[in-house]
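Q: A single structure is presented below for examination.
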């Protein structure tokens, strides 16, 4: 069984903001595959589906970004999903807008959602699909991550969401992190 989690903040106020890139990428995948997050439990919206013969949980934690680990750990523990079978999709300010990078483990890179997941799972050995939103140029970090993409930026993000769909499918098919890194980084 696989767990694919998109990170973001719940509520209309945060819809389409840069910090909700994980939600947007997962929503793109779900929409393209006619799937819905139809359950509300484990402090998140989720669904369990069979994709390419594999049982997959798709999850959007509703705990706010900084506590994302609570929801992910609850799902992983309940369904007995190993950390290496988890893929977390999130924004990354250290990469240009729309750039994608896969990581198999490592540090949080200052991302509070990833810090929370590490603390709650007790390991950093889970997969990440990072999508760049770049550092702010003039505005504060908070203002930047909580603002929407402009039209030009959104085109880059839409292209990234298309690539992320392929990455998610390859992950579900059992392609390991090394393969994904070689293919997409």
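One-based numbering along the chain as shown.
Just so it is clear, glycine is given a Cβ too, placed from its N, Cα and C backbone atoms.
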Q: Same tRNA site as 14, 64, 66 according to Swiss-Prot: which of 112, 124, 125?
A: 112
Q: Given residue 91 (site 'Stabilizes the basic form of H active site to accept a proton') and residue 64 (tRNA binding site), what distance in Å do their CA atoms have, once rounded to a whole number?
A: 14
Q: What is the Cβ neighbour count of residue 9 (site 'Discriminates between blocked and unblocked aminoacyl-tRNA') at a 10 Å cut-off, with all protein chains included?
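A: The answer is 22.
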Q: So what sits near residue 64 (tRNA binding site) in its own chain, CB-to-CB under 8 Å and at least six residues off in sequence?
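A: Within the chain, residue 64 (tRNA binding site) has Cβ neighbours under 8 Å at 9, 10.
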Q: Other than 14, 64, 66, 112 themselves, what residues in this chain have Cβ atoms within 8 Å of the centroid of the tRNA site's Cβ atoms?
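A: Those within range, site residues removed, are 9, 19, 63, 65, 67, 68, 113.
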Q: Report the largest Cα to Cα distance, in Å and rounded to a whole number, among the residues 14, 64, 66, 112 that the record lists as binding tRNA.
A: 16
Q: About how far apart, in whole Å, are the alpha carbons (Cα) of residue 112 (tRNA binding site) and residue 19 (active site, proton acceptor)?
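A: Distance (Cα to Cα, whole Å): 11 Å.
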